[in-house]
Amino acid sequence: MNLPSLVSQSAGFLRPTLIRSALPVLLASSISSSQESQQGYNNTSDTNSTEPILNPEETTQPASPDLFWESSGDTNNTTTTHSLSSRMDQAKQLFTQPRPRAILYMASAMALHFGGYEFVRSSMLALFTSNQVGFSNPGAFPLAMGLASPFSFLLLMGYGNVLERKGPRAALQATTLFSILVFAGTALLLQLLLSLQSTSSNHLGMARKALVALAFVYQNSYAHLLYTQHWSFLSSVMTPKEGSIWFSSIAGLSSIICTMTGTMVKPLVNSVGLVGTVACNCIFLVLSLICCDRAYQLSETHGFDPAKIKQNEKSAQNDDNNNNNSSSSNNNLVWKAKDLFQRVPTLGALFGEVLTFQSMSVILNIAMVTRLKQVMPNDNERAAWTGSLFAGVSGLSGVLQFVVIPMFLQRIEPRLVWKVMPLVPFMFSLYQSFQGASPDLFILALSFFAAKTMDYSIRGVVNEMVYQPLDFDSRYLGKEIIGVLGSRFGKSGVSLLMSGLAYVFPQFGIYHLSKLSVLASAGWLTMSWWLSALVPRKDEAQAAFLEQRRSSPPQSPAKGATVATDGSATKDKEE
């Protein structure tokens, strides 16, 4: 059985299976895990502590450290008394408590962003490699990937300025709106240029290629910029203990949406074409913008706004700094980033890990795309094939995130995960390197499939757990620098190197890429081991997180809000 049919059948099976089974499995595992977390918390010496994210002085009773579930009766017998109906009743509490609702909104925003990204990734790849409107030269693809890095740097500068002047909510609004305008404008202009295709003009052909190239570069730049902001909010309003329980399920929600939209690529392309599929991404981005803005609105109203934590940290650090107006120029942002990385050595290790992982990923991707263009010259077939491939990645990642990862992350330290995780892609890359000059597309796709599955299912989760005990600047600015520049420089540097090697040595091809993938995966393994030495244990991360929140001045809820028994502020007349 060939890879496209295998992946399509797997994704088609996983989509209804995940939807039917995800919620009961999630509730069963999460309730028992949360109750264990609550029992451990109640046994600590600080028995009067409240939920650290909220205002300690305004709570009327100790808040449960458990994110979603309140203890019902004797906790010693709860593991055996919960029926499915009682779990469903408890699930309704998600819609009555502000902090869980904000987390659900932001998790939904991230899932919608990734769902739309499946459309634009497959369609833009097909357009860029098209013989009609794209580029047929094999060196064009790595060259375009290389240009994503300077473009990402410009986006990061704009994001940093908005973040410094207006805060994280405005930064997320601005970057999401800009992405909507880019892809909506691309779809409209490209459709107009294609309608004029009957007019024989070299200028029109050059305009189409330039538009496709710019949109493809932006498509390879914006995804990290948006989803790292989603994760920054989540890691700011959740404790490390909550993150070890819920991060994999939050990532699993994105995997479910990606599985569904990935399997929709083929019928959508056949229905509205490649340009229409690009435009469909805008619908998902609009919905994502609404959800993330609602999450920030809840955090501001109920006293757990991450921007307030930033203001508290900034006022504490202003003892050494001259208190001028934040005329944050690009130069100031660079110096601020330099100071941040010197102050937090974990960020340097994370930057190296991202750089080496993306280097490995882009080598595997170039090898697969090169072979795919040889095997499938039809644009629509390539778009459908890549959509099915990523749907399979998302489907398998969803199974791991909902069923496997929540169980072992509560029992295994994240530093051990960082040591073991890179071994899987390394073994697949090693096997690929022995397949000769013309390996089967299935072998190339399998190596890329393994790397992406590890990335989507476990790497992203443990990566966020590293950021949680860090300060605001590390979670927002440092994470964006690593996510945008580290990721893009890893892709761009290797892509430009591959493009140069293909230009200087015409015989450079898949065989050499397979050999280089082994070196790149070994580099990722080395950097992951270095990072693992700096990752704190879970109890150390929890203590650092609580200490940060307790050292910050308490946040006041919005005017007209009262405090609920779970420790969160609730408006007297809300909705």
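Residue positions begin at 1 at the first shown residue.
Cβ coordinates come from backbone N, Cα and C, glycine included.
Just so you know, TrEMBL annotations are computer predictions that nobody has curated.
When the ranges 346-369, 442-465 are checked against TrEMBL, the one recorded as transmembrane segment is 346-369. Sequence-distant residue pairs (6 or more apart) of the transmembrane segment (245-265) and the transmembrane segment (389-409) include at least 3 whose Cβ atoms are under 8 Å, placing the two stretches in contact. Contact between the transmembrane segment (171-194) and the transmembrane segment (271-292) is supported: at least 3 Cβ pairs lie under 8 Å, counting only residues 6 or more apart in sequence. Only residues 6 or more beyond the boundaries of the transmembrane segment (346-369), in the same chain, are considered here, and those with a CB under 8 A from a CB of the stretch are 125, 129, 141-142, 145, 340, 425, 429, 432, 441, 444-445, 447-448, 451-452, 455, 459, 463, 466, 470, 474, 478, 481-483, 486-491, 493-495, 498, 510, 513-514, 516-517, 520-521, 523-524, 526-528, 530-531, 534-535.
Below 8 A, the CB atoms of the transmembrane segment (271-292) and the transmembrane segment (140-159) form no more than two pairs separated by six or more positions in the chain, fewer than 3 in all.
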